[in-house]
């Protein structure tokens, strides 16, 4: 049967319809003395009432300790609770501004709340308060490219332009034509000189 029906042929209304019990209470069907099916709500800790819609005055959530629109969620006992904070707030009772909610760290930086607001841990290639500043690796390490290679700065990175004898990220590998083959779409690479090649394309 569907959630709203019961019985051998699903011909009876299920008193435990989806919206009967509140606050995540468990609904159980009981048969009374007249043979009628009645719903009974088994309330979770911190709630009471026929449909568990009343907050227990003994619970930590009774006076709603959560600030700034946060929702109080009961724990495993009456004095335990957690606050589900709205975006922009954090803390045990949502009383602190979450300056990371606006995602101020750019270029893949990781934001961490701090006493003064927030701090960004930037990825390699970036720096600054919000990771917007480019690190010029060519200035930071003028000898980053080896064997006569020329360093060219790029936003967030860099590249080494190697002399014809070398290749690789840092120009540390000997250049051998056709290893690997630069030819596309099934073309065959043929070495034509110490540092030259040609691509023979399929017909």
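Positions of Cβ are set from backbone N, Cα and C atoms, glycine also.
Going by TrEMBL, these are the annotated features:
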{"type": "DOMAIN", "residues": "12-53", "note": "domain 'EGF-like'"}
{"type": "DISULFID", "residues": "43-52", "note": "disulfide bond"}
{"type": "DOMAIN", "residues": "57-95", "note": "domain 'EGF-like'"}
{"type": "DISULFID", "residues": "66-83", "note": "disulfide bond"}
{"type": "DISULFID", "residues": "85-94", "note": "disulfide bond"}
{"type": "DOMAIN", "residues": "96-132", "note": "domain 'EGF-like'"}
{"type": "DISULFID", "residues": "122-131", "note": "disulfide bond"}
{"type": "DOMAIN", "residues": "134-172", "note": "domain 'EGF-like'"}
{"type": "DISULFID", "residues": "162-171", "note": "disulfide bond"}
{"type": "DOMAIN", "residues": "174-203", "note": "domain 'EGF-like'"}
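Where TrEMBL records a feature, it is marked here on the structure.
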residue: 43; record: disulfide bond; DSSP (3 states): coil
residue: 52; record: disulfide bond; DSSP (3 states): coil
residue: 66; record: disulfide bond; DSSP (3 states): coil
residue: 83; record: disulfide bond; DSSP (3 states): strand
residue: 94; record: disulfide bond; DSSP (3 states): coil
residue: 122; record: disulfide bond; DSSP (3 states): coil
residue: 131; record: disulfide bond; DSSP (3 states): coil
residue: 162; record: disulfide bond; DSSP (3 states): coil
residue: 171; record: disulfide bond; DSSP (3 states): coil
Distance [Cα-Cα, Å, rounded] between residue 122 (disulfide bond) and residue 171 (disulfide bond): 27
Residue 66 (disulfide bond) and residue 94 (disulfide bond), distance between Cα atoms, whole Å: 6
Residue 66 (disulfide bond) and residue 52 (disulfide bond), distance between Cα atoms, whole Å: 21
Nearest recorded site to residue 85 (disulfide bond) by CA-CA distance, among disulfide-bonded residues 43, 162, 171: 43
Proximal but sequence-remote residues of the same chain as residue 162 (disulfide bond) (Cβ under 8 Å, at least 6 apart): 145, 147, 148, 149, 168, 171, 175
Number of Cβ atoms other than its own within 10 Å, given for residue 85 (disulfide bond): 22
